[in-house]
Amino acid sequence: MRWARQAVAVNGMPVDDGALPGLQRIGLVRSVRAPQFDGITFHEVLCKSALNKVPNAAALPFRYTVNGYRGCSHACRYCFARPTHEYLDFNPGTDFDTQVVVKTNVAAVLRHELRRPSWRRETVALGTNTDPYQRAEGRYALMPGIIGALAASGTPLSILTKGTLLRRDLPLIAEAAQQVPVSVAVSLAVGDPELHRDVESGTPTPQARLALITAIRAAGLDCHVMVAPVLPQLTDSGEHLDQLLGQIAAAGATGVTVFGLHLRGSTRGWFMCWLARAHPELVSRYRELYRRGPYLPPSYREMLRERVAPLIAKYRLAGDHRPAPPETEAALVPVQATLF
C-alpha cells in the first residue's frame, strides 16, 4: 500500500489528545507523517465550514475564499499567512512550513454550503491564504473536489498558485471554464535561481513555473502572473524585472500584477532574521523602509511603478484579466492600480 509506512505521530511521537489544544479546537482526527514527505507532519481535521467570508470585501474582487490547507510546505520566508499558525499553538516559522493542517472533508462541506438557497454564486477565490497546490495536494487531492463543486453549482472561481501540480487538474479546470467564469494565476516574483532556493525553498523552480504558464495557455485558459512580492534591493532592479517580465511574456502570460513586499506581525520577525543572516548589509535599509508599519512608503511604491510600467507596456502584459490577489491588506495597497 502506498502509505503503508506512514506513522501517526507528532514530531515522531504518538499523538497525545491533550498536546495540541489548537488542533483539537478545529476538529483534529489524526496526525500523520509519511516517508514520501520527509520532515512534514499532516494534521487531518474535519472542518465545519468551507466558505470563508472576506472582511472588507468591497475593496476586493471576491467576497469568499476556500482554503483546504493551513500551513504551507512552500516555506516562503515572506509569507503573510504565517501568523495564522499561532492560533493553532504552532510557531509561525518552521512549524508553518512543516506542520500542515488538512481539511480532509472540505469538498463535501463545500457542496453542502453551495446547495443552500441563500448562496448567491459569488466568486470564490482559491489560494488566497496558503497554496492549494503545495506538496500536500499530491497526497490529499482536495482541489478536484473543490473545483468540481464550485463549477457544478454555477459558482465562478479563481486560482492562485506557485505549484506545478496544477497541471494535473488542467483538464478539469478547462471543463469548469465552460460552465462558469474561471481565472488562473501563477505567482512568480523571484527569477534568480540562488535567491529562489534561499527565500522560497519549497516551491517549484522559476523555470518550472514558466513552463506551467505555457501549459495553462495550451489548455485554452488565460494565465495572469502575480509578480509579488517584489523584495527591495533583492528583486527590484530594472535588470531583474526586465528579464523576469520578458520570460513571463515569452511563456505566454496574458497579464501581470506587481507589488512590493509587506511585513506584518510575526512574518516581519521571521523574514528579518533571515535577512540578517543572508544579507546583513540590507538590514538597516529594510528597517528604514518599514519603520512606519508593514507597507512600503509611497516614495518606494512610486519608484517601483515607474520602473515597472514601461516593462508592462514593452512586453504587452497589461491584460484586462483580474486574478484574486492574496487575502491580505496588501491587496489594498498595490504599486499602482493601473498595474492590476
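Residue numbers in this text run from 1 along the chain shown.
Every residue gets a Cβ built from N, Cα and C, even glycine.
As written in Swiss-Prot, here are the features:
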type	residues	note
DOMAIN	58-307	domain 'Radical SAM core'
BINDING	Cys72, Cys76, Cys79	[4Fe-4S] cluster binding site
TRANSMEM	140-160	transmembrane segment
TRANSMEM	243-263	transmembrane segment
Remaining residues near the recorded [4Fe-4S] cluster site, that is with C-beta within 8 Å of the centroid of the site residues Cys72, Cys76, Cys79: His74, Ala75, Arg77, Tyr78, Ala81, Arg82, Phe96, Asp97, Thr130, Asp131, Glu200, Gly202
Neighbouring C-beta atoms (10 Å sphere around the C-beta of Cys79 ([4Fe-4S] cluster binding site)): 24
PLDDT averaged over the residues of the domain 'Radical SAM core' (58-307): 97
Collapsed DSSP category at Cys76 ([4Fe-4S] cluster binding site): strand
